[in-house]
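For reference, the structure discussed in these notes is given below.
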Amino acid sequence: MTVPINASTSQDVEAPPRPKDVGILAIEMYFPKRCISEEELEAFDSVSKGKYTIGLGQKFMACCDDREDINTFALTAMTSLIEKYNVDPKSIGRIDVGTETIIDKSKSTKTHLMDYFAEAGNTDVEGVDSKNACYGSTAALFNAVNWIESSSWDGRNAIVVGGDIAIYAEGSGRPTGGAGAVAMLIGPNAPLVLEPIHGTHMANTYDFYKPKLDSEYPEVDGQLSITTYISAIDASYAAYRAKHAKAKKAAGLGGPAFSLADVDYPVFHSPYGKMVQKAHARLVYNDFLANPDAPRYAQVPERAAWLAQPYKASLTDKTLEKTFMGVAKAQFDGTVEKGMRCARRCGNMYTASLYGGLASLLASVEPAEIRGKRISMFAFGSGLASSFFTIKVKGDTTEVQEKLDLIRRLESMDVVPCQAYVDSLALREKNHNAGSYVPEGSIDNIWPGGYYLESIDSKYRRKYIRAPKA
């Protein structure tokens, strides 16, 4: 016998009013207390002067030992965000984490963050981790924004955390390491509003990957990683421009196609500084191909040759690259460089790199100047996943700039000898995957109020402690 269900006996629950201007309400950066000089690393590695500082465009690189892991990074970044902005833990309904620093094949970093909310009586928090190289934080951000804009939204805000420890085996990749984390408060009526169009490109590549679960070090195809990044920015930018044109047509709007002329401040994922210069120059090249007769390209040399260049050849043509880096230099120095503070000081932060760029921009440009401006964001993760999207600064960023206090904090990092970095990596190698141990790194290297790993027991359960605040 079946019993009919009378729908009228259920109470219909209406969704809350649709939110407007969903985006980033607040942002916080975390980075280790120590860094090394890339100039000193050149001498330490006995390589030619300028190989890292000019060739890679790097200045410093953050480092940490076995007292820190992705969970301590995430805990410190998130807790600092909550405390600086007096966020009620019960006002958070979702947490999304992006990272590629995997220390457990099952248990997410997000679960470690839940202790903070459980103490406040809030365990109703959606979201888990997203993983794909450096792209996970952007997937996390899109997930959080989409949740707030969906019918599932319960009226609360979200938090997005992204962070990584970027380290490499001895060799050419090691100078492109770094470390850091970002935490962002996501909600409606935000000063930094995510605009609705995303241009995305995804593919299956083996430019950078981590198949060795007994090691933190990646497998890297250096040349392929460069062409993969460049082809990804081409494809995601093209997808964005196509969607933008379609949206304009549907709205009955005319005018020229979208280009960098519509962007006030471009921000890029930064594996290393020179790659950002190449990426920006590549967007300028794409705009040139789309509108070669624009007055701003009148002085481009060998115009006919670049217009006739086969696409595949363009990916590795050093003359083309150098030409458009020259064309783009003034714009790079005046706009893109303002988003490079974290990258210059901390190096590659993987999932936090793009948002470290955003934080750097907000720290570098006065709130009155940046208000009303558009920021483009290029997210990239090897393997590969990439997106081009935009943020409109609709509100006042004064509070964000003041509470970030980014410039002073970056300058207060301890610059340590290169041998200290090598020793830190040796310590991490020695204790990677270890159980029943107490980390050997000094807690003097932890910022006041930062979390650190106290111990791992015989069942590989990690215990974290927070350092006293200053």
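Backbone N, Cα and C atoms are what each Cβ position is placed from, and that goes for glycine too.
The active site, proton donor/acceptor annotation in Swiss-Prot covers GLU100, HIS269. If you look up Swiss-Prot, you'll see CYS134 marked as active site, acyl-thioester intermediate. Per Swiss-Prot, (3S)-3-hydroxy-3-methylglutaryl-CoA binding site is recorded for CYS134, THR176, SER225, HIS269, LYS278, ASN348, SER382, and the stated evidence type is similarity to another entry.
Here the features listed in Swiss-Prot are placed on the structure.
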residue: GLU100; record: active site, proton donor/acceptor; Cβ contacts under 8 Å, 6 or more apart: LYS131, ASN132, ALA133, CYS134, GLY136, ASP164, LYS210, TYR350, THR351, GLY381
residue: THR176; record: (3S)-3-hydroxy-3-methylglutaryl-CoA binding site; Cβ contacts under 8 Å, 6 or more apart: LEU56, GLN58, ALA166, TYR168, PRO271, TYR272, GLY347, ASN348
residue: SER225; record: (3S)-3-hydroxy-3-methylglutaryl-CoA binding site; Cβ contacts under 8 Å, 6 or more apart: ASP207, PHE208, PRO271, SER382
residue: HIS269; record: active site, proton donor/acceptor; Cβ contacts under 8 Å, 6 or more apart: CYS134, SER353, LEU354, GLY357, PHE378, ALA379, PHE380, GLY381
residue: LYS278; record: (3S)-3-hydroxy-3-methylglutaryl-CoA binding site; Cβ contacts under 8 Å, 6 or more apart: ILE226, TYR229, ILE230, GLU321, MET325
**OP:** According to DSSP, folded down to helix, strand and coil, what is SER225 ((3S)-3-hydroxy-3-methylglutaryl-CoA binding site)?
**Re:** helix
**OP:** List nothing but the largest Cα to Cα distance in Å, as a whole number, among the residues CYS134, THR176, SER225, HIS269, LYS278, ASN348, SER382 that the record says bind (3S)-3-hydroxy-3-methylglutaryl-CoA.
**Re:** 18
Original post:
Out of CYS134, SER382, which of the recorded positions is least crowded by other Cβ atoms within 10 Å?
Top reply: SER382
Original post:
Three states by DSSP: which one describes the residue listed as 'active site, acyl-thioester intermediate'?
Top reply: strand
